[in-house]
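Record features, source TrEMBL:
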type   : residues : note
REGION : 1-22     : region 'Disordered'
REPEAT : 19-38    : repeat 'Cell wall-binding'
REPEAT : 39-58    : repeat 'Cell wall-binding'
REPEAT : 59-78    : repeat 'Cell wall-binding'
REPEAT : 79-98    : repeat 'Cell wall-binding'
REPEAT : 99-118   : repeat 'Cell wall-binding'
REPEAT : 119-138  : repeat 'Cell wall-binding'
REPEAT : 139-158  : repeat 'Cell wall-binding'
REPEAT : 159-178  : repeat 'Cell wall-binding'
REPEAT : 179-198  : repeat 'Cell wall-binding'
REPEAT : 199-218  : repeat 'Cell wall-binding'
């Protein structure tokens with residue numbers, strides 16, 4: 001009697017486990033969702049943001065998305081804050097979008113050019129000039145640039161014309177540089193001391209004395225009284241000394257004596 005063998009049964013094939021998470025394929029990184037589908041677009045993973053191109057490959061470097069620029073580091077995570085790239089600094093907002101124009105960071109203002117690079121030195125914005133320090137922060141108050149002094153208002157805008165600073169008046173030329181010496185403003189002459197402050201009262205320039213009113217304007221072609229003494233200045237503002245004016249004598253100090 002022939003013994004029959006039981007039929008052989010094959011072990012059922014185990015379903016393959018779908019890919020999940022980061023996978024490197026052909027030198028590129030891809031991210032697979034829990035259902036095994038490949039991710040594209042923005043992806044948040046472990047607290048960082050990544051961008052997967054339409055073919056699923058992880059992006060690095062600069063990325064333009066919806067009219068904004070983003071920077072993805074070498075490991076793919078989106079950069080925020082300051083970024084140094086090819087010798088220039090850029091600022092990426094909390095959303096990752098590259099900033100342009102004015103940006104306030106840690107209490108200081110910075111200006112980012114249209115291409116996002118941080119400005120230094122002089123920058124003209126909406127018709128006003130601003131000075132950005134070497135670290136990019138906007139200057140206010142006095143700034144010495146290439147040997148000349150400039151005054152930047154609290155808004156950072158460069159001042160021109162008269163400016164009152166700490167109780168003293170200064171005159172800033174049309175190019176913003178602080179004036180010293182004689183300056184003619186609206187038809188009147190003023191004298192700015194070596195530190196730029198406007199002089200009042202007696203001023204000696206060379207061997208000649210001049211008198212500046214409380215407004216700073218130089219007196220000219222007139223008699224005037226100071227501390228109960230009369231003096232005369234000619235059309236150039238120079239004090240008359242040791243001479244006779246209109247029949248009146250003045251001594252070496254310019255005082256009317258007879």
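Quick reminder: no glycine exception, Cβ is built from N, Cα and C everywhere.
All annotation found in TrEMBL is predicted automatically rather than curated by experts.
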Subject >> Cβ-Cβ under 8 Å with the repeat 'Cell wall-binding' (179-198): same-chain residues at least 6 beyond its ends >> reply: 149, 161-162, 168-173, 205, 210, 212, 216-218, 220, 237
**OP:** Give residue numbers and ranges for long-range contacts of the repeat 'Cell wall-binding' (39-58): same chain, 6 or more residues beyond its ends, CB-CB under 8 A.
**Re:** 22, 28-33, 65, 70, 72, 76-78, 96
**OP:** Would you report the average pLDDT that the model assigns to the repeat 'Cell wall-binding' (79-98)?
**Re:** 98
